[in-house]
Amino acid sequence: MTIYNFSAGPAVLPKPVLERAQAEFLDYNGSGMSVLEMSHRSKDFDDIIKGAEATLRELMAIPDNYKVIFLQGGASLEFTMIPLNFAQGKKAYYLVGGSWGKKAYTEAVKLSKTIAFEPILLGSTEDITYAELPTFDKNDIDPTAAYVHLTTNNTIEGTAVYDIPDTNGVPVIADMSSNILAARYNVEDFAMIYAGAQKNIGPAGVTVVIVREDFLNDQPMLSSMLDYRIQAENDSLYNTPPAYSIYISKLVFEWVKEIGGVDEMEKINREKSGLLYDYIDQSNFYTNPVRKKEERSVANIPFVSPSEELDAKFVKEATAAGFKNIKGHRSVGGMRASLYNAFPRQGVVELIEFMKKFAVENA
């Protein structure tokens, strides 16, 4: 039985990447050592981290005036680091279109109790369970504000921001954790992009930060570890980095390049997700909660059956049939198919066949 992993993260990795990592596991590049036990100051690891950065720059067309940093702590740590580095004494706006955006805003509010800045909720659709993206009037934004924070893909709710809104000249910071390298964005539209690795980049343990140099803080932070400038000046080596996660990420970047780059990857993802959306749309058994088709995520597709009881039955039977981790997030229920870059098209085709069979048997 073929296993298809629909996990929202940590998520499926490309099989060629896993096979290469397996082949190099005990002896990387003739060194006689695994990357797991290699010094982060060695030439071999220097080649790995520089190669990872160079390939990512090529894939995303990252300009020279942006720094690429590999950090620890997950994207959730950035919820604290961002206001700590950039917002002191200023306003900071948050556009909340999903659960992770709300967490970023909540952390900012917490921090504002001890650090002087003003977090402002620019827009939220929590009252309609994030079934669509929030809107706002750009004239409501103070042009002297530190930044506008948004999430480009809402992993739990299945919506995505493809066109970056006008923010009245205020720098945009984006959490791109779940659709980085899956859809094309112009890096220059952002002052900073960050992404946890465990969806489209690699294994958990590393977070990629892409930040414009002139946006970096010029005041010392409370902690060197939480200071973007120090991390950037030390080329991600201020302390021991998550070396193996960076190595796997490098292999994933090379795999995306071999596929044809981000533009080709987006084309594949739209075709792949389109198969499932088209079936759900014509079905009278399943529904997708996203109200506007143009806001649908290509990475995360939530859906429900006619009842919670049938949802539970679907998850149980799907799991037994090899469709793993398809249960929806605990906060929303139902089912969720996470179709990240490495997820195979055949898995979508077979899922649809299972969905058809289940619908007939339970109509």
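Note: Cβ is positioned from N, Cα and C throughout, glycine not excepted.
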Query: Hey, Swiss-Prot has pyridoxal 5'-phosphate bound by Ala75, Ser76, Trp100, Asp175, Gln198, Asn239, Thr240. Any idea which of Thr55, Thr114, Thr155, Thr159 it lists too?
result: Thr155
- prompt: When you look at Ala75, Ser76, Trp100, Thr155, Asp175, Gln198, Asn239, Thr240, which the record names as binding pyridoxal 5'-phosphate, what is the longest CA to CA distance in angstrom?
  reply: 31
Message: Neighbour count, 10 Å Cβ-Cβ cut-off, for Ser76 (pyridoxal 5'-phosphate binding site): what number do you get?
response: 15
Field: Among Arg41, Lys199, the most crowded of the recorded positions [Cβ within 10 Å]
entry: Lys199
Statement: The correct three-state DSSP answer for Trp100 (pyridoxal 5'-phosphate binding site) is helix
